[in-house]
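Q: Got a structure here, written out as structure tokens. Questions coming.
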Amino acid sequence: MTSDKARYWLLALPALAVMAIFYIWPLVNIWAISVTEPVPGFGNYVQGAESQAVTTSFVITFRVAALTTVFCVILGYICAYAIANTIRRAKPLLIALVLLPFWVSVLIRSFSWIVLLGRSGIVNDALRDVGVIERPLRLMHNEFGVVLAMVHVMLPFAVLPLLANMRGISPAYTDAARGLGASELTAFRLVYLPQTLPGIGSAALLVFVLSLGFYITPALLGGGRVLMVSEYITYQIQEFLNWGLGSALSVALLVATALVLVIAGRFLNLKNALLERS
Amino acid sequence: MSAPEARTTPFRIAMSTGGWLVAAFLALPILVVIPVSLTDTSYIGLPKESLSLQHYEAYFTSARWLGGTLGSILVGLAVAFFATVLGTAFSIGVWFLGGRAATIARWVLIVPILVPPVVQSLGFYRFWVQLGLIDTWTGVILAHTLLALPYVSISVFAALANLDPKLPQAARSLGASIWRTVWEVVVPAARPGMITGAVFAFIVSFDEIVGVLFITVRRVETLPKLIWEGIQDNIDPTIAAVATILVVISLIVAVISGLRRS
């Protein structure tokens, strides 16, 4: 039996070894760089904590991630509810529309938003043609544009866990509450909504964690004016070759992400939320 | 079951309408690239006087765009192959093992989903410099394989959840070797997950941009990198033509997979 066990490990080992050597080890190295370059010590962390630009970047990151999460959970909830409970015949179409963005790359989706929201973008042109505005509105290169495009990118990640959760809820409870005289809204609020809290939690966690480290959409829609931490790190390294500060901020971002997961783990079954999702 | 008239309460109508509005918000902005790609102007915008295929022509006659496309496809196929082989072997081993160590191993393999892309790309860059893998196709395939492994291992493991552990045990007690049991009993059960995983791995690689920006310079160009540079430098409608081609392919794939599922 022991030799069987060794053979099973032999199957699992190549992937684990590749992951440890080429992924985990380089990440550990980032931590090492942050305390050795340019000089050994925690100077980079001190510099980061004292820098106004760095703290602003972290505040922007958490604010954008939080706003994105709130909008995604609300919109995702409505959409998942419609799929699970109210739409019947057109359900496959609705699911297909929700999943469509998953098939299209984030880069293309961000490009679409640039085409829509730019200074001479489609929205501004249309509004000017109709005569609503005279000068183009600033719809991107600000937090509005970044959050709008990020909600679009992250929304499917909110819908799927909510839908999985709602599919497991028996209508019998809400029906019983209605039969006992509760109004439809009361039955929803007191009976249905509490049963969907695990789904809300998973959706919020997934969207928030992915938003914290998001780079592509904020970089393209923010136009350098909404510097989230990921973009700030890239600036430090590509423009100033400041690897010390860049890797210290990377470690900080990684720790922030881990903290969010640990806190979420107190309220949520992380194994269900992350490991078993399909 | 609720009474039939309950189906048309204001609450349900509001939720249905809201659901459709959210779906429209998800789908419509993506489709905006289609009219823009047909513009007769040399800048991004809706067609002014007539429809034109000039930007498609620009794409199909550009060695750079076609080279990037081919590069991305080949890298994607290689990544799908390596990630599926490694991820399937991993999931099967871990499925047999069970227990705490196996769960920890599964967590290790999904780490790339949770780590911010820029952070992992810094790690790749520094290590790839040491290994001499910067600006090489091997370097890109290796990085993308790591990023694709979580998706393969999750989908293969999900497929194995339907396999009764007694089946491989029965094969063993009838005298089959461990490898034969894996090959003839477990792998067939894992196949749906392997296919899903391979498709996911291809898409992860085909769309990946942040890692490529860090670990390639000039020699290696993928499609996302060309799109990224195009958006940054000048907004040229060729990008809209490329985007339309990708969106249409995605639509076709989505419809086919939707039909197969139903």
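In case you wondered, yes, glycine gets a Cβ from its N, Cα and C as well.
A TrEMBL annotation is a machine prediction, not a hand-curated record.
Below are the features listed in TrEMBL for this protein:
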type: DOMAIN; residues: A:58-264; note: domain 'ABC transmembrane type-1'
type: TRANSMEM; residues: A:9-33; note: transmembrane segment
type: TRANSMEM; residues: A:53-81; note: transmembrane segment
type: TRANSMEM; residues: A:93-116; note: transmembrane segment
type: TRANSMEM; residues: A:144-164; note: transmembrane segment
type: TRANSMEM; residues: A:199-221; note: transmembrane segment
type: TRANSMEM; residues: A:241-268; note: transmembrane segment
Q: Does the transmembrane segment (A:9-33) come close to the transmembrane segment (A:241-268), meaning at least 3 CB pairs under 8 Å for residues 6 or more apart?
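A: Stretch pair touches.
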Q: Under a Cβ pair cut-off of under 8 Å, which of the recorded stretches A:9-33, A:93-116, A:144-164 contacts the transmembrane segment (A:53-81) most often?
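A: If we count Cβ pairs closer than 8 Å to the transmembrane segment (A:53-81), A:144-164 scores highest.
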Q: Near the transmembrane segment (A:199-221), which residues from the same chain, at least 6 beyond its ends, have a CB less than 8 A from one of its CBs?
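A: Non-local partners: 61-62, 64-66, 68-69, 72-73, 76-77, 80, 106-107, 109-111, 113-114, 117, 140-141, 145-146, 148-150, 153-154, 157-159, 161-166, 228-231, 234, 253, 256-257, 260-261, 264, 267-268, 272-274, 277.
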